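Quick notes on the structure that follows.
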Amino acid sequence: MATPGNLGSSVLASKTKTKKKHFVAQKVKLFRASDPLLSVLMWGVNHSINELSHVQIPVMLMPDDFKAYSKIKVDNHLFNKENMPSHFKFKEYCPMVFRNLRERFGIDDQDFQNSLTRSAPLPNDSQARSGARFHTSYDKRYVIKTITSEDVAEMHNILKKYHQYIVECHGVTLLPQFLGMYRLNVDGVEIYVIVTRNVFSHRLSVYRKYDLKGSTVAREASDKEKAKELPTLKDNDFINEGQKIYIDDNNKKIFLEKLKKDVEFLAQLKLMDYSLLVGIHDVERAEQEEVECEENDGEEEGESDSTHPIGTPPDSPGNTLNSSPPLAPGEFDPNIDVYAIKCHENAPRKEVYFMAIIDILTHYDAKKKAAHAAKTVKHGAGAEISTVNPEQYSKRFLDFIGHIL
């Protein structure tokens, strides 16, 4: 597969402070982005949702829907290259299946389209060990991740069972909410991307985040990672810092029941190496930063007349996010922030936690078995290494998460 190109190379540090972001006003349907691949993604999602709006929703999905795809090749020398490349290809995998999944996750196609096409997605400084790069939609509701062709194949392998599982649990799960999978081709560069619901809030800033696997071998953030404004910390960091998750017994019971069910499903599919992503919002800290930002904004008043605060750009219809009633500090809409849990009343700090399973597309194949054998030789048979078999992995994962809650 060709290198991901600029989609991940122009990465900016994400700010933990709740600064009001500004962007230059952009008319609807321009799809202007700094990266031509992002422009093509915006164009493609817009095209796809428009096409699907004319297709009748079937009573049930058919086996062929899980193999289907739609693709389009555009050769148009009249395009303004400042907005769009003149030659590109866009492919969407299993469009009917992902439309059905969006519906089951309570996501309206029009809202999905607006979030991904109104303004360019924002780069995110998170980077997976695999080299995958991330963007978030401008309104922070969705995450766009580059994936490999092997990931696409694995997604096809599990999609039917994943869909059935989502049907059975009525969309109530800690698993990634897969919402669309696409291939983009521009100037000989080919990349694959998958869109999921953001684990974190579009409104409540996260000041600390952890990627937890239940393993202790080589599970500490590097010095380079820790130097970031919002580093992704790991299991040993969580333990060594004495970090705690303060949720009440009822929320803990509900969370662990969902987690157990989800992880058993992953083990059945022989999937492993997934993580629990944990984000922590500090309510008082966020309030203080909001006050500081408002004071700074007051000083900068009138300096940038050509920009508009984040939200609905001009010349476009209202967004459901911005039309909802204002929420108090630390409050959230559970229909949007589906992974959010409040701390209990006696917690030392008022916090909101965002917790969900991520990175589920690693199958326990020969490659992982070889890695496990090599790590066992290096660290010893009893070491808590991450490449154990799926049943061992799921048990250790559940034990660790149950222990830290």
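Cβ from N, Cα, C; glycine included.
Keep in mind it's a predicted model, so treat the numbers as computed, not measured.
The stretch that Swiss-Prot tags with region 'Required for interaction with PIP5K1A', taken from the ranges 59-65, 164-170, 192-198, 360-366, is 59-65. Between the CA atoms of Lys145 (N6-acetyllysine) and Lys89 (N6-acetyllysine) there is a gap of 18 Å, rounded to the nearest whole number. Long-range C-beta contacts of Lys89 (N6-acetyllysine), restricted to its own chain and to partners at least six residues apart, with a cutoff below 8 Å, comprise Lys71, Ile72, Lys73, Val74, Arg183, Leu184, Asn185.
Predicted-model confidence for the domain 'PIPK' (33-405) is 88, expressed as mean pLDDT.
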